[in-house]
Amino acid sequence: MDKNFAARRRRDLIIAAVLTAIAALVPLFVKDVVVQNILILTLMYAGLSQSWNILSGYCGQISLGHALYFGLGAYTTELLFTKFGVLPWFGMLAGGVVSALIAMGLGYPFFRLRGHYFVIATIVIAEIGLLLFHNWEWAGAAMGITIPIRGDSWLKFQFARSKVPYFYFALLLACVAWFVTWWLEDSKWGFWWRAVKDNPDAAESLGVDVFNSKMGAAAVSAFLVAVGGSFYAQFVSYIDPESVMGFQFSLLMALPAVLGGIGTLWGPVLGAAILIPLTEITRFKFGGSGSGVDLIIYGTLIVLISLALPRGLMSLFSRPKKTGATR
Amino acid sequence: MGLLYGLIAVGLALIFGLMDVTNFAHGEFLMIAMYLSFFLFAFFAIDPLLSAPLVAAALFVFGAVVYLLLVRFAMRAKANAGMVQIFTTFGLAIVMRGFAQYFFTPDYRSIPQSWLGGKTVSIAGIFLPEPQLVGALVSIAAFAGLYLFIHRTDFGRALEATREDPGAVALVGIDKNRVFAFGWGLGAALVGLAGAIMAIFFYIYPDVGASFALIAYVTVALGGFGSVFGAFAGGIIVGLVEAVTALVLPPSLKSVGIYAVYLLVVFIRPRGLFGSM
């Protein structure tokens, strides 16, 4: 690519490094547990949304079933931990591998579908997963799994006294997801994905391996989301099918990327940084009473942002293009 | 039960299937209709069966207003049109659920006595619950009506033409917004009809729509986008599959059968059974 592209990539990397350094210092100043909680969730959703963005944003295969991988990550980790005593770190890897394999297995039939048929298939498969876990006695069925506290260390990835270590892991997750995206953007895969997104038929005829590039995107995306799921399970230390595999997770993963700018490097980060604190604060202020006010505010917000900025918030930053060729 | 899924799906078939606009608030339309029917019964003692046309009319207005105030703008998006539609209607769904919780509380409600509630009729030794039977008949009538409407009237042709090519349609003097607003109204009226009948024998609560909405999407997609008959056939298949699954698997897994059949069908026929899009 041209010089501008290379310069932009260098600039992105520097911005990311600076932001990470600033974020890493935050726990030194923020001692309030509620605020820490919000920050952890924000970072987690930034990471999840970034991973979702790889398949749905860059490669253009809109998935509304990523809750499946989130849940699989959570369940693999916790089942291995509670039933076999496997450390969560290995469980996390196992969860990622399982999810990536399942994503590729599903890819075989799924990637033949287009448009609404594909989106509905992803919703449906996550829903099947949810129902199966609901009825799987060994995995706790609808009761879920309560994760026993076995220690307070990085080795066990459990921290009873402080939320700060979780914060650093969430930061790591967001950074890794961002860096993977950054790295792939300039790789063969990145270019293939954008070609597949814009016009799969034309891409195919120019020698792009459409099917395998979709598979690659699905595997990377599922792996990272599953790692997020493992983290979430350790963080909240209780999981049940609804709380890790519910449809709302699929949407919550997609939402930051869509609001921030789908298929952009910074969209998910920006979207999460705005959306998640707002969600949590409205829930904190108005929720709990069951009055529904938090839902009204949250829903209105989504409607307004998606109507006002169809390309997402990132479009506010993009300078007008010099070439008139783009739409 | 199959025909009832069909009845819920027929409104969606019009909006999602024929106009190609995603409506993630379809289940919430159903919820509103059920509450309307409930309150008409609770305050004015109007039986749900009588109030059904009223509810349908109210939903017609509601659907058209939603289109004119929200969806019209969502469709204008040049980039990511699909995602904008999904999240605009999804946001609307959340707002509607929030309002339902705010005004009606999250309590479960039901209509205790109505003309049909709890009664059964025996046909050749098979006992059928009357509300479901009426629902089935209304469903068949609604599908037949919609089919004729789409294929035999100028409006139907205008609707399809507008979806195909809004620009060309404007040239021959058809106002896209009027056609689509009418289409949304009609789609909402049909789901209003479904809601009024379902209020007779189903609990009413703010989240009730969510459980039916997904099945409605699956029904429409199973039948294939762009086909009224497909959605009808999809509804029947979904109902049958659910009944069969419930016999084989535990009741909580009954939806798995529906989802599995959807996946199976689209793997073999990626455009659904009778889809044209």
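Here the Cβ of each residue, glycine as well, is placed from N, Cα and C on the backbone.
What TrEMBL lists as transmembrane segment is B:6-22 (among others). When Cβ-Cβ distances below 8 Å are used as the criterion, the transmembrane segment (B:6-22) is approached by residues 29-30, 71, 75, 82, 85-86, 89, 135, 138-139, 142-143, 146, 150, 159-160, 162-163, 180, 183-184, 186-194, 197-198, 212, 215-217, 219-220, 223-228, 230-232, 234-236, 238-239, 277 of the same chain, each at least six residues removed from its ends.
For B:52-71 (among others), the entry in TrEMBL reads transmembrane segment. Proximity of distant same-chain residues to the transmembrane segment (B:52-71), defined by a Cβ-Cβ separation under 8 Å and at least 6 residues beyond the stretch ends, is recorded for 21, 23, 25, 29, 32-33, 36-37, 40, 46, 85, 88-89, 92, 138, 177, 180-193, 195-197.
What TrEMBL lists as transmembrane segment is B:83-104 (among others). When Cβ-Cβ distances below 8 Å are used as the criterion, the transmembrane segment (B:83-104) is approached by residues 21-25, 27-28, 31-32, 35, 66, 70-71, 73-75, 77, 206-207, 209 of the same chain, each at least six residues removed from its ends.
The transmembrane segment annotation in TrEMBL covers B:133-150 (among others).
Positions annotated as transmembrane segment by TrEMBL: B:179-205 (among others). If you look at the transmembrane segment (B:179-205), the same-chain residues 6 or more away from its ends with a CB under 8 A from one of its CBs are 4, 7-8, 10-12, 14-15, 18-19, 21, 23, 26, 29-38, 41, 48-49, 51-52, 55-64, 66-68, 71-72, 75, 106-111, 114, 116-118, 129, 131-132, 134-135, 138-139, 142, 146, 149, 155, 158-159, 162, 169.
Under the heading transmembrane segment, TrEMBL lists B:211-244 (among others).
The transmembrane segment annotation in TrEMBL covers B:256-274 (among others). Outside the transmembrane segment (B:256-274), and at least 6 residues removed from its termini, the chain residues within Cβ reach (under 8 Å) are 215, 218, 221-225, 227, 229-230, 233-234, 237-238, 241-242, 244-245, 248-249.
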